[in-house]
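Below you'll find the structure, written out as structure tokens, and then a few comments.
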Amino acid sequence: MANNSYSGVKNSMVEANHDGEFGCTLKELRSLMELRGAEALTKIGESYGDIQGLCNRLKTSAVDGLSGQPTDIEKRKTVFGQNLIPPKKPKTFLQLVWEALQDVTLIILEVAAIVSLGLSFYRPPDAERDHCGKAAGGVEDENESEAGWIEGAAILLSVICVVLVTAFNDWSKEKQFRGLQSRIEQEQKFTVVRGGQVIQIPVAEIVVGDIAQIKYGDLLPADGVLIQGNDLKIDESSLTGESDHVKKTQEKDPMLLSGTHVMEGSGKMVVTAVGVNSQTGIIFTLLGGGEDDEDDEEEKKKEKEEKKKQKKSESLLHTHARTHNYTYIDNSFVLFCSAKAQDGAAMEMQPLNSDEGADAEEKKKANLPKKEKSVLQGKLTKLAVQIGKAGLVMSAITVIILVVLFVVDTFWIQNLPWVKDCTPIYIQFFVKFFIIGVTVLVVAVPEGLPLAVTISLAYSVKKMMKDNNLVRHLDACETMGNATAICSDKTGTLTMNRMTVVQAYIAEKHYKKIPEPENIPSSSLDMLILGIAVNCAYTTKIMPPEKEGGLPRQVGNKTECALLGFSNDLKRDYQSIRNEIPEEKLYKVYTFNSVRKSMSTVLKMADGSYRMFSKGASEILLKKCYKILTANGEPKVFRPRDRDDMVKKVIEPMASEGLRTICLAYRDFSTADGEPDWDNENDILTGLTCICVVGIEDPVRPEVPDAIRKCQRAGITVRMVTGDNINTARAIATKCGILQPGDDFLCLEGKEFNRRIRNEKGEIEQERIDKIWPKLRVLARSSPTDKHTLVKGIIDSTVAEQRQVVAVTGDGTNDGPALKKADVGFAMGIAGTDVAKEASDIILTDDNFSSIVKAVMWGRNVYDSISKFLQFQLTVNVVAVIVAFTGACITQDSPLKAVQMLWVNLIMDTFASLALATEPPTESLLLRKPYGRNKPLISRTMMKNILGQGVYQLIIIFTLLFAGEKLFDIDSGRDAPLHAPPSEHYTIVFNTFVLMQLFNEINARKIHGERNVFEGIFNNMIFCSIVFGTFVIQIVIVQFGGKPFSCVALSIDQWLWCTFLGFGSLLWGQVISSIPTSRLKFLKTAGHGTQKEEIPDEELEELEDMDEIDHAERELRRGQILWFRGLNRIQTQMDVVSAFQSGTSFQGALRRQASNSSQQQHDVTNVSSPTHVAFSTTTTTATAANSASATVGCECVFSSSA
């Protein structure tokens, strides 16, 4: 892109080379799209004559568009490219396996197993064996001694199993993400004109030469040149970093670029560049979006040369990367998930070189309270790190004690000398002790935690699709469970968004239902119908019903549909008027926006005079009317006193029935006064004549009142924020149940709200907002800024004992800031604009409020699933670690062998996380209050269950361990020599242990102390099949596992006893739940999130550059700093050296950029998950981090390696 200023362009008209049959080449179009404003116009003038000339060259018609012939479309795709940016290749299964192998504990196990394998093949001469102490002798059976390699091999095998399972999980997760992504992309459609018909096609199908209709709220999918525009304003900050909206006209600046947002107006453009040739595509290609990451040596040489050229494009990219928060979903570039990093208010981007700008931004950032990321993730990571540390200590102590006991026993008590021939035997013992230690560590480290979160979230996201929630950021799902407040739009969310005119005030009479056309003076009627036909967007229309006898389909803006429907009800055809006056003939259009709250269209009449039609909110437009049409169709003066009468007698009664009131008016400009100054809106939009006022009904969705009741019962406050009149809003809020008769809640208008929250200087004060928001239920006539202020005020408030977690719904472009600011932003899938969807976390595919309630249920369910898993996991951890530890210390050998421990680890980590994380939500989740951000993951009830079950299991295991041989009348397995065959005794211990876990898994299904643990168990088939499957595998292992699993086949009696002891944990569970938790004062909670106050100052300074505090990353970082300090220093030195060698590189630019995006990812670059991909040359890896950060929402990490 840097060197695209082709010199040969001017002569292009002479050259015969015009790709195939088109009058211009791809190169020409690409260079044309790099120009802006006047330059572009000159270029179009020189090369094509005018925009019409460009259309002719591209073989398209500005009115009818392309023919739509498949051959023509295909040819255009081959010549000019497709509208796709090719995704990066996903990681292969082998890469994922390699990543899973990087886990530190697994590596230690592998090494130990290999050493053990090697030593088992060493045969000392038999004679000397007796010198080596008691422990070495006693192997009678020759075959047994030869089977010494089995344990090492079995450990290796089980490591391979664990690795494959992990890799498979990552792979399926990646696949799911890709599926989700393609679904989001398929849902994006765009309106084009083909063969004279206006149709919607998927964005990927757009080709060069298409005539696209653009309107307020669109995200432009390709580059193009404006053919016709009404009041068009574009936000180009994503490409240029300039936050001011750019006005686009054919005369001054007709260039429209992909990836920019239409903020106002509408128009048509001819598409000139798509996919990788569009401006956004070029930038993606530079960023490496469309390339493979394995660059060959030659490419690297080329790159070095190119880096010099790239300096020019660097500044553009800098800004682009900054404003566009790239998201890399599983390595494929997507513009879609722009992470919520830019805070609504701080969206203005400074030009790169202005130092003052940078300082201002620093200051602005310092004052903004930081938004905290996934709380659950943070709590979990912290817990996992703590447990891991404890496990490490325990395993170290185990190894030390075992070694000391052995040395003391052999060399001191037996008083043997160290014989050279015995060395391998002693080493074998040490390796065995080491393996036991590592196994304790493996069991102690809950690597299943991140897996459980991933599975639970991914499962929920998949199921939420069925409940009409399309989740774009994973952690939004869990945040939703903690929501304490929902600020909802009215239109389309609480109501059906199917609007109809049901009352009208016309010709001085208030009709309670649609009047007969005969009762209206024909002059007034003609004026009304003409006004409705031309002053509604031409993209809005009423289509015949899809099914016989159904309701007519409403396409486009629903309020305008209601007016068009009104014209049909008056037996008039608006379409014939539109055919007479096509859109091109409209003289000027003032499109609707949130400031004007009205829309006007100007027609030039045959005699040279102008007539303007306006429609808008009645109380606003009536203030600008000074005449009104009377019963005989003549205008008469309309005084302020008449207006007040009309408000009282017409507008308020309509509004109190929940109707939206719209005023329709017109104004004539005579030729005598000359051409008006169209840019001076205040002078134009005044002196109107009122034609009529209509009351539009938008019925409340039948399921909404019930959904709102559920929210209120679940401790969630629902507030309605609407642009409607306060009486309409109050009436609808009462119908929905947001307001109950007799409540003392507040309903405010935007103006009043602003007056109350601002001080004398006009600044917003948090204390003032705190006085209002707890009581506020309806905010009417509100602007988008009011919505953002309210959301921010509630989130930053400290009056309630818990920080409020706020969800917001929005559909308009202007809702973007509020959606970004909220903890969870819901965009409307049907009525929502692209801008709103881009800013949101969850898209409601059916625009329905009751889907939000489903999201709350799923969110709470995720939280509970994780707690269930924790309750189960920690019980196993505590018991296994204590058994291995005490067993090893007393009998010099762990009762649970390494391979057995790995099997237990597999059950409790992978399988249990699958079983417990896929519990479906129940309505009972909505009967409790939200947990809030500070609630610990492990409540006191859960702690009671964990400790209670732990005590039961330990008593049983130790009884079996030390008295089992007497009870079952079998040989004791204790004090067995090195390669002794497996014993029945230890097999019973192992079997009972596993069966207790299985039954306890059923106990773990309930965490709030419920008695019936079987309730709803058959609703979760995954759970049933996993429990059953584990049981079957356990039978196979015990009966046929033999030497590798250190098992001996058991008799039926022994099996029944084991099962009975296992079943005991269910009965014991009932005993535990009978003990009131309140009595057990000594119980502590665990798994608190990190409070902001607890973060040390140094760390807060590091976090300064980030928009969000990511607790998970913080915890991981602390856990890993030790591992990485060494590696990191070397890495940094290498980076510095290579940076000096290659001069300023683009990668360097990204690294400097990185401080914005990811200070958190200090050194972890290779995160085994589809969601983070690091642009960096570093290769340090950390799998402890892998799995934990695997689920944090979608964002691309420009990894800093400093």
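The backbone N, Cα and C atoms fix where each Cβ goes, and this holds for glycine too.
The domain 'Cation-transporting P-type ATPase N-terminal' annotation in TrEMBL covers 45-121.
Per TrEMBL, transmembrane segment is recorded for 96-119 (among others).
What TrEMBL lists as transmembrane segment is 149-168 (among others).
Feature annotation from TrEMBL assigns region 'Disordered' to 287-316.
Positions annotated as compositional bias 'Basic and acidic residues' by TrEMBL: 299-316.
Taken from TrEMBL, the feature transmembrane segment applies to 392-413 (among others). Below 8 angstroms of C-beta separation, residues 133, 135, 426, 429-430, 433-434, 436-438, 440-441, 444, 881, 884-885, 888-889, 892 of the same chain, each at least six residues beyond the ends of the transmembrane segment (392-413), sit close to that stretch.
Taken from TrEMBL, the feature transmembrane segment applies to 433-459 (among others). For the transmembrane segment (433-459), same-chain residues at least 6 beyond its ends with a Cβ under 8 Å from one of its own Cβ atoms are 103, 105, 108-109, 112-113, 116, 151, 155, 166, 169, 173, 176, 376-377, 380-381, 383-384, 387-388, 390-392, 394-396, 398-399, 402-403, 406, 474-475, 477-478, 862, 865-866, 869-870, 873-874, 876-877, 880-881, 884-885, 888, 893-894, 896-898, 901-902, 904-905, 908-910, 912-914, 916-918, 1169, 1184, 1186-1191.
Among residues of the same chain six or more beyond the transmembrane segment (946-963), those with a C-beta under 8 A of the stretch's C-beta atoms are 871, 874-875, 878-879, 882-883, 886-887, 891, 895, 938, 974, 988-989, 992-993, 996, 1000, 1003, 1061, 1064-1065, 1068-1069, 1071-1072, 1075, 1083. Look at TrEMBL and you will find 946-963 (among others) tagged as transmembrane segment.
Summarising the annotation, TrEMBL assigns transmembrane segment to 1021-1042 (among others).
Within the same chain, residues 944-945, 948-949, 952-953, 956, 968, 984, 988, 991-992, 994-996, 998-1000, 1002-1003, 1009-1011, 1013 sit at least 6 positions outside the transmembrane segment (1054-1075) and bring their C-beta atoms closer than 8 Å to a C-beta of that stretch. The transmembrane segment annotation in TrEMBL covers 1054-1075 (among others).
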*Residues in the domain 'Cation-transporting P-type ATPase N-terminal' (45-121) grouped by DSSP into helix, strand and remaining coil*: 48 helix, 3 strand, 26 coil
*Counting only residues 6+ away from its ends, which parts of the chain sit with a Cβ under 8 Å from the transmembrane segment (149-168)?*
93, 96-97, 99-101, 103, 106, 109-110, 112-117, 120-121, 435, 451, 897-899, 902-903, 905-906, 910, 1043-1046, 1187
*Please work out the mean pLDDT for the residues of the domain 'Cation-transporting P-type ATPase N-terminal' (45-121).*
82
